[in-house]
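Engineer: Below: one structure in structure tokens.
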Amino acid sequence: MEFNTYIGRAGTGKSTAMLNQIKNKMKQDPLGDPIVLIAPTQSTFQLEQAFVNDSELHGSLRTEVLHFERLSHRVFQEVGGLTEQRLSKAALEMMIFHIVQQHESDLKLYGSQAQYYGLSEKLAEQIQDFKKYNVTPEHLNQLIENHSIQTRTKHKLEDISLIYKQLESRMNGEFITTEDSLQQFIEILSQSQWIKKAEVFIDGFHNFSTLEYRIIEALVQHAKQVTVLLTTDGSHHPFSLFRKPSEVLSHLEDIANRLNINLNKTYFNTFYRYNNDDLKNLENGFDALQFTPKHHQNHVKIFESSSMREEINEVARRILKDVREADYKFRDIAILYRDESYAYLFESILPSYDIPFNIDTKKSMTHHPIMEMLRSLLEVIRSNWHINAMLRLFKTNVLTSQFKRSSYLIDLLENFVLERGIYGKRWLDEDIFSIDQFSRMGRKSHQLTEGHQALYKEVIKLKKNVINKVLYFEQAMNEAHTVKDYATSFYESLEYFELPSQLMTQRDELELAGLTEKAEEIDQVWNGLIQILDDLVTVFDDQEMTLQQFLDVFDIGLEQLEFVMIPQTLDQVSIGTMDLAKVDNKKHIYMVGMNDGILPQTVSSSSLITDEEKKYVEDNAHVELSPTSDILQMDEAFVCYIAMTRSQQSVTFSYSLMGNSGDEKEISPFLTQIKELFYDLEITNLQDLHKAQPLLMMQHSHQTKIQLFEYLRGWLDHEDIDYRWLDAYLAIRDDDQLNQGLDYLTTSLTYDNETVQLNEILSQQLYGKTINASVSRFEGYQQCPFKHYASHGLRLNERTKYELQNFDLGDIFHSVLKYISDRIYGDFKNLDTKNIQSLTKEALELILPKVQFNLLNSSAYYKYLSKKIGSIVETTLKALKYQGEYSKFVPQRFETGFRKSPKNKGELVAQPLITNQGIPINIRGQIDRIDTYTKGDHSYVNIIDYKSSESSATLDLTKVYYGLQMQMMTYMDIVLQNKERLGLTDIVKPGGLLYFHVHEPRIKFKSWADIDEDQFQKDYIKNFKMSGLLNRDQEVLDALDIRLEPKYNSDIVPIALTAKGAINQRSSKVADENIIYQLIEHNKKNFIETASHIMDGHTEVAPLKYKQVLPCQFCNYKSVCHVDGLIDSKRYRTVDESIKPLDLIQQLRNEGGERHDSN
């Protein structure tokens, strides 16, 4: 029984002395008594390599490198005694989750959180922590019974104790955790002859749990010799840099005292690791209360960067410089980090520099396509085939990889199901998934070519293939009752999917392509999945569960699966966290992310037991628990010390001034402290360094080209750049091995987001030799020429979704109002409440099922919306009744179409216009409502357009003038051209151009007491007052509102009279008849100019900004035109918004410009 400890600061040769001692014994007696080297899990591989790579040893039969768990396994193999099944991490969490579900009603604090997966994970961590520190359910129960505890803490401890006790009961004699197996290992250690003959060395630890101290004590009792290596100066001061390892030393002394033996201490005071004074000064002066600054020899460097990405780019450049100029191997270099955000940056940046690396961290399998497929499959069953879960399943492409162009087929299928809102067992309806239904995609029926028919047949075939697999899986799972049945059915389903053979084929293809890491991932995913199924059977076996319970427990298991990737090559950069990485004796260490808040890190408790509760439990239950946050905070300096003393030659510290989310970051106070250790150590600003020495950025051809792009862009913008960048460009351009991709970069330098004007032939191919178009198409061109080109030239369409759009609502109102108007022949004024209700119900029952494949009957929300639509229609009809009672104008036509060649007598004729190129313009459309009033040989017409949006229910004459609002003038022109078809007199004149807002008004009152019924009705009707422009002819005004008299303000149309009977210009919207004709003529001119521009091939990205609003705000093509609001303001067109359109039109008329012959 010999107990030793090696004590010394970092770099004093403790580990080297131990290894040399072991090697000498192996050389003297290769088959002698066993030597056991116990190290942390992450260090075992490196230590094994130390023996394998030794030229004199070439491995070892006598020495074994183990961590505590593997040591216990080795002893159990020798003496037996472990009969229970060891639970994996996933199995433990699945068992705890199931216990929580069973006892949900018994939990006082965590009952409401029982369904959350995270709770079982936290409970597993807490129970494992208790086991490491030898805390049992009895300890917790005694604490609760014998002490007065705060209610919340009491309920928490009662819940944890209940779950802990149930877990112990469930495992009793059948299962065992890692911590329990270590407890048993301690008990049977005395039976091991192997241990009795062994010399044990323990290295790489800075602290131990209570359980590990008990193992060390048992080893000291039964092994020939135990030696523990500690990085400490032996100081026991509570605020010492070495507080943590010194605490370990105190525990070792306690063990020696209990065993009544001496703890032999060997002190190491000479530094061997550091090859220069910089590193010696760094080690010696860090965290010292008194230090003497030394002159800097350039072996310790600090640089700051503007961003984290630029920081890692600089590290990559410096690594290449190390390898190229200092003759380092990649394996001589390590990168240490603390902020998890850096892990992604390493994986995205280092490969672009061709730097091999290995990150010593486990990565979740959650986002692997196979795992995504499995979890989607579970969600499909859980959600009763919800559309989102089904599409996720398809998009993994795991079940559809046998189809050519499967991704494209899935995209087409997605378009279809999103349009139809497929859910539940509608996925099985073959009438929905038919060629005929696919031909109606986009709300219009299309004649399919043979090629399209074949394509959609393949889509249907792909859909059926996946649906059959899902049906098989669902049926198999529904027939199961026990966990063993479920697991068996699950595996059989995977075989039915032919997944095992598919994955083997993929793995072989990846290995042939040299993608060994990706191939290894497939192996690990499959093995992990099988392990979860095995764990389920092991833990639950024939226990009955509902399908939902099984899927929940299974999902918990999948959550725990992680990739453990072994290094793919021996010569690679080691990357790890500062807390865990084992990277001793590297030539160059890069410590990145040295920012305040990261090092030192603000430590907070993330366990179920808070720091205050830990202290309470320790004080009253007389146990020791894991360190609290304040203790861990004290050890932050030690974390930094251990990380920076791993190097033999150089250490480079770096930090960024800005985080990934754009937040400002500060330098770590540790770096400020390190800087003070040297007289002339300066922090290098990368921006200044690269400006002065641009060659430092040119370490790799690919990245140099990317940087070159930035500098050449500045050069083209007449910025001053270093001539060496131009030299680099010429060198790369003239080198066939380096210039790949350079043309693409240089082309993008001169790229301007400009479209090309189409030639005459291409314009006619896109638009035809005749322009057949609606008014809105011309308005769209005026808003932005590119918008017109994208929608009508390229014919780009947004994906149609199974949801109600704004234009759907407008279409519904138009259809319902037309139906009712036709039924009553436009006689709104004679409607009564009963008629209004019955007609509305009748119209909705007929029209709503036709909207978006019966969308409005698909959910409770849409059924409520249907009722709301009905209420709005009824309100609108009441307003129309009121307006009809006080107007001489009579509704004559509803939803009246017009075109060059009418299809029937009900449609109107639209006379073609001619572009400047001589191309006919055939305008077509539909007028919502035409009202007429005839007196003698004069007829007057109103154009009324229904709008469901208040913002669009306004006639803006400035917009009319500039061609942004062409609808009303066009409609009036068409009606005036068709007096015969409308049955009007020979003399037809414009009455009003009016918008009617279809809505349900909301009247605001300060309080219930302020409500006056008469005033309420007046305000209600005023909300339906039509807006627009009226002919100021007194005959027209009198007919529009028969109540017109002095001091009267109409609540029907925009007209008001003064006390003297004159038109109130402020409250009225009127114009002379000739002005209206002039507006119509000007509108025609806008049509001709717009159509001529279209046929000239204009496609500019040139949105027209009006009243500080851009059409881009509501445009569907922003992702195509790439217009940028910050940098493309020069593209915006504007108009003079201060003009008075009616005055301008009058001026044109006076100058003899545009004229109109009314008849």
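Glycine too: its Cβ is placed from the backbone N, Cα and C atoms.
Pulled the feature table from Swiss-Prot, pasting it below:
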- 1-275: domain 'UvrD-like helicase ATP-binding' (DOMAIN)
- Gly8, Arg9, Ala10, Gly11, Thr12, Gly13, Lys14, Ser15: ATP binding site (BINDING)
- 269-583: domain 'UvrD-like helicase C-terminal' (DOMAIN)
- Cys784, Cys1112, Cys1115, Cys1121: [4Fe-4S] cluster binding site (BINDING)
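Buried or exposed, and what's around them? Tell me for each listed feature.
Structural biologist: Taking a C-beta cut-off of under 8 angstroms and a sequence separation of 6 or more, Gly13 (ATP binding site) has the following same-chain neighbours: Phe268, Thr270, Phe271, Tyr272, Arg273.
Cys1112 ([4Fe-4S] cluster binding site) counts 20 other C-beta atoms within 10 Å of its own C-beta, drawing on all protein chains shown. Annotation note: Cys1112 ([4Fe-4S] cluster binding site) sits in a helical segment as assigned by DSSP.
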Engineer: Count the other Cβ atoms sitting within 10 Å of the Cβ of Cys784 ([4Fe-4S] cluster binding site), across every protein chain shown.
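Structural biologist: Around Cys784 ([4Fe-4S] cluster binding site), other Cβ atoms within 10 Å: 26.
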Engineer: Using only C-alpha positions, which one of Cys784, Cys1112, Cys1115, Cys1121 is spatially nearest Lys14 (ATP binding site)? These are the binding-site residues in the record.
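Structural biologist: When the Cα distances are compared, Cys1121 comes out closest.
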Engineer: Round to a whole number and give the Cα-to-Cα distance in Å for the pair Gly11 (ATP binding site) and Cys1121 ([4Fe-4S] cluster binding site).
Structural biologist: 61
Engineer: Pop the Cα-Cα gap between Cys1121 ([4Fe-4S] cluster binding site) and Arg9 (ATP binding site) into the table, whole Å please.
Structural biologist: 63
Engineer: What three-state secondary structure does DSSP assign to Lys14 (ATP binding site)?
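Structural biologist: Lys14 (ATP binding site) sits in a helix per DSSP.
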Engineer: Ten-angstrom check, please: count other Cβ atoms within 10 Å of the Cβ of Ser15 (ATP binding site), all chains counted.
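Structural biologist: Here the count is 24.
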Engineer: What residues, ordered by sequence, lie under 8 A Cβ-to-Cβ from Cys1115 ([4Fe-4S] cluster binding site) and sit at least six positions away in the same chain?
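Structural biologist: Sequence-distant Cβ neighbours: Cys784, Lys787, Pro1103.
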Engineer: Which whole-number value in Å describes the distance between the Cα atoms of Ala10 (ATP binding site) and Cys1121 ([4Fe-4S] cluster binding site)?
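Structural biologist: Here the two Cα atoms are 60 Å apart.
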Engineer: List nothing but the one residue from Ala10, Lys14 whose Cβ has the fewest other Cβ atoms within 10 Å; the candidates are the binding-site residues.
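Structural biologist: Across Ala10, Lys14, these binding-site residues, the one with fewest Cβ atoms within 10 Å is Ala10.
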Engineer: Could you tell me the mean pLDDT over the domain 'UvrD-like helicase ATP-binding' (1-275), as a whole number?
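Structural biologist: Taking every residue of the domain 'UvrD-like helicase ATP-binding' (1-275) together, the mean pLDDT is 88.
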Engineer: So around the [4Fe-4S] cluster site, Cys784, Cys1112, Cys1115, Cys1121 aside, which residues have their CB within 8 A of the centroid of those CB atoms?
Structural biologist: Gln783, Phe786, Lys787, Val1101, Pro1103, Leu1110, Pro1111, Tyr1117, Lys1118, Val1123
Engineer: Ser15 (ATP binding site) to Cys1121 ([4Fe-4S] cluster binding site): how many Å between their Cα atoms?
Structural biologist: 64
